[in-house]
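J.: There's a structure below that I have some questions on.
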Amino acid sequence: MNTATPAVLTVDPQRSVPRHVAIIMDGNGRWAKLRGRPRTAGHREGVKSVRAVVEECVRRGIDTLTLFAFSSENWQRPRAEVNILMELFMTALRGEVKRLNENDVRLRVIGERGAFSEKLQRRIRDAETRTANNVTLNLQVAANYGGRWDIARAARRLAEEVRAGRLDPDAIDEDALARRLSFPDLPEPDLFIRTGGEQRLSNFVLWQSAYAELYFTDILWPDFNEAAFGHALDDFSRRQRRFGHTGEQIETWSAMGAYERTE
Ligand code: FPP
């Protein structure tokens, strides 16, 4: 058996706590409908789950949390619902910064923010600046985000650099493209959670989740609390990640402590 440390593996495959968790927060509308309330009541309630999960990430030492708040396709929803979602972001950006700073959380928004109102864009920049020195948790809110948009933008950046004579097409490989995606400085998602019962990726962080462990739960987002998140993390800790290798190789490298220096 080949027991040399694999150059491609920079993540300890037996690490029990994910470094990066990505979540599709689905089920707000159904949560509200079950209670005879407007869909927007579900979104408002969903903000409480966002707080609970953020604080649980801080407690458990998770480095990065990426939340899918608004997809490129969500503009097609009824105007009133889109307006409420924008209002919720505005309120959260203003109201949560103090709490984020108390928890040492750095906020970043990923996605095509040019489509948002000037006021919302200013609020986003302000919240990012005011939390920029925090280091315990990177919180990324994906807004007007799409995984294909992210990949297409990276491809355009490569093409522009080639046109400008700064990049040799022969130098374009997976790494080169990955460095031009939305968060090249952060670890890729280890755990990808979707609440609300559907089992699909819905154009969320597609490239970056190539090796993420997928976890689907029927729990609707407003009901997704610390305990539910804990179950997802427990499930993750029992998975064996192989990254294309055999289980035997992974166990041998782990016994050798082959990954310790990368953590
Ligand atoms: C999906 O549920 C949820 C959304 C499109 C919005 C998520 C937004 C929040 C949780 C609130 C704000 C977030 C932040 C970060 C401040 P759905 O409406 O598709 O539910 P359904 O499938 O039951 O209809």
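Cβ atoms are placed via backbone N, Cα and C, with glycine included.
Here TrEMBL flags Asp26, Glu213 as Mg(2+) binding site. Positions annotated as active site by TrEMBL: Asp26. The substrate binding site annotation in TrEMBL covers 27-31, Arg39, His43, 71-73, Trp75, Arg77, Arg194, 200-202. The active site, proton acceptor annotation in TrEMBL covers Asn74.
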J.: Which binding-site residues, if any, among Gly27, Trp75, Arg194, Glu213 have a Cβ under 6 Å from ligand 1, given in order along the chain?
T.: Gly27
J.: For a quick check of packing: other C-beta atoms within 10 Å of the C-beta of Gly29 (substrate binding site), how many?
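T.: That number is 20.
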J.: Cα within 10 Å of Asp26 (Mg(2+) binding site): which of the recorded positions Asn74, Trp75, Arg194, Leu201 qualify?
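T.: Within 10 Å of Asp26 (Mg(2+) binding site): Arg194.
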J.: Would you mind pulling the DSSP three-state label for Asp26 (Mg(2+) binding site)?
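T.: DSSP call for Asp26 (Mg(2+) binding site): coil, neither helix nor strand.
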J.: Comparing the recorded positions Ser72, Asn74, which residue's C-beta has the most other C-beta atoms within 10 angstroms in this structure?
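T.: Per the Cβ count, the most surrounded site is Ser72.
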J.: Which three-state DSSP class does His43 (substrate binding site) fall into?
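T.: DSSP assigns His43 (substrate binding site) to helix.
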J.: Measuring CA to CA, name the entry from the binding-site residues Gly27, Gly29, His43, Leu201 that ends up nearest Glu213 (Mg(2+) binding site).
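T.: Nearest listed residue in space: Leu201.
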J.: Compile a sequence-ordered list of residues in the same chain as Trp75 (substrate binding site), six or more apart from it, whose Cβ lies below 8 A from its Cβ; state 'none' when nothing qualifies.
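T.: Looking at Cβ-Cβ distances below 8 Å from Trp75 (substrate binding site), excluding near sequence neighbours, one finds Val82, Ala115, Asn144.
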J.: Tell me, by DSSP, whether Leu201 (substrate binding site) is helix, strand or coil?
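T.: Going by the DSSP assignment, Leu201 (substrate binding site) belongs to neither helix nor strand, so it counts as coil.
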